[in-house]
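Shown next, in structure tokens, is the structure this report addresses.
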Amino acid sequence: MAAAPPLRDRLSFLHRLPILLKGTSDDDVPCPGYLFEEIAKISHESPGSSQCLLEYLLSRLHSSSGHGKLKVLKILLYLCSHGSSFFLLILKRNSAFIQEAAAFAGPPDPLHGNSLYQKVRAAAQDLGSTLFSDTVLPLAPSQPLGTPPATGMGSQARPHSTLQGFGYSKEHGRTAVRHQPGQAGGGWDELDSGPSSQNSSQNSDLSRVSDSGSHSGSDSHSGASREPGDLAERVEVVALSDCQQELSLVRTVTRGPRAFLSREEAQHFIKACGLLNCEAVLQLLTCHLRGTSECTQLRALCAIASLGSSDLLPQEHILLRTRPWLQELSMGSPGPVTNKATKILRHFEASCGQLSPARGTSAEPGPTAALPGPSDLLTDAVPLPGSQVFLQPLSSTPVSSRSPAPSSGMPSSPVPTPPPDASPIPAPGDPSEAEARLAESRRWRPERIPGGTDSPKRGPSSCAWSRDSLFAGMELVACPRLVGAGAAAGESCPDAPRAPQTSSQRTAAKEPPGSEPSAFAFLNA
């Protein structure tokens, strides 16, 4: 800066310090409009006051938070058109602080994300373009303190103006008519057109600022919420020479002593990508997958995998941009790079629900790969030699009788034996033979009859109960009276073999042959 301001100007500046403290506070309360005019008056007092004012504003711009930086930048932008010429001169000499604010970044806010950083960067770029523009700024001469500038709708600060107010503003020189391709009625911008045509030039300036802000830093939440197809169609060609921060980040990630990224390196990489252009970082990483060393390729693959595990970019978009390079690496000679590329490619395809051409054209199963039959679950299980067989196939042996041993006076029914050609364990891998033996074993399987013994399956005419009953096969507990009566009946017939009879059997013997046996016959005894 220039020489130190005199002591008198410093003391005069101290009286205006509360105004500056209120206008540049570190909170989200916007600066009141009247403070802009009060601060502009300070710059018109004297060159020393302008120098003190600039020193204070630049110190606040350097040390304050995001809200304070944004307020200081708005005050400086207002002073570009309402401040003194000496203030603008010394502000141009200290433009390094404005360039530092143009690269302002930090960790995203949990609620607002990176919106505050983008506003600060856009305001700094707007201030720099206004301060160093080719057009001459409309600087008014230093006004005395006693005559403040006239403010209000339609008011003009002209000494000889007779009529003031809305509708009496003097028209300035002619304005060149420009051709607007998107306008209706021939596409010519007229002087008396509506607000849509008047705001076209302002929208173009705002679009330039927003585009530059999007190139310098992208919001992680907005990048993750885009549709993958829309990203593939609307992706802009990013000039790698304009992405110096992204290029330095990729160089730092791909150059390391180890072949894989540590957890700290991956976290630092994801945090840095949240403040930069993630699409440019992905494009630079894919450039390091070809023509580089094996260690560089592995670190680039790890960085791509870390980027895919975050929510900065959709996995469909990452797969669309990296699939050709990953497929080329996965088809190379076996090695760590090939394995890593194949693993990442399969992970992205599984996450996106897509299949690679190599996996999609699989060979059709031959006739030997037919679906196994229902008996193959156990017939195909062959025990190891020397091991105990716990589970045998269904068709190995017929179902044996599970009834308890009959008493001494109870004659047992003969159980048929299977034919002698039935082998205990069929040959594995022969489903037709297993099915045939399973059907044969079902034909010779004994079934339980209501009498309590097992007998071979007979036709419906030889069965005691031709119709299935709800309580068929259930043995009821006999009452003590019925048991005593049964014992007396047994003593009267000593020659008959004694066998335990249930109440259902006795009831069935008393009832006529045509009636259905009842499960509650003991209630009527």
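Note: Cβ is positioned from N, Cα and C throughout, glycine not excepted.
As recorded in Swiss-Prot, the features of this protein are as follows:
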- 8-141: domain 'ENTH' (DOMAIN)
- 139-229: region 'Disordered' (REGION)
- 193-225: compositional bias 'Low complexity' (COMPBIAS)
- Ser333: phosphoserine (MOD_RES)
- 355-465: region 'Disordered' (REGION)
- Ser356: phosphoserine (MOD_RES)
- 393-412: compositional bias 'Low complexity' (COMPBIAS)
- 413-429: compositional bias 'Pro residues' (COMPBIAS)
- 434-448: compositional bias 'Basic and acidic residues' (COMPBIAS)
- 487-525: region 'Disordered' (REGION)
- 515-525: region 'Interaction with AP4E1' (REGION)
Original post:
Averaged over the domain 'ENTH' (8-141), what pLDDT does the prediction give?
Top reply: 83
Subject >> Helix, strand and coil residues within the domain 'ENTH' (8-141) as assigned by DSSP >> reply: 95 helix, 2 strand, 37 coil
**OP:** Can you see whether DSSP assigns Ser333 (phosphoserine) to helix, strand or coil?
**Re:** coil
Original post:
So for Ser333 (phosphoserine), how many other CB atoms are inside 10 Å of its CB?
Top reply: 6
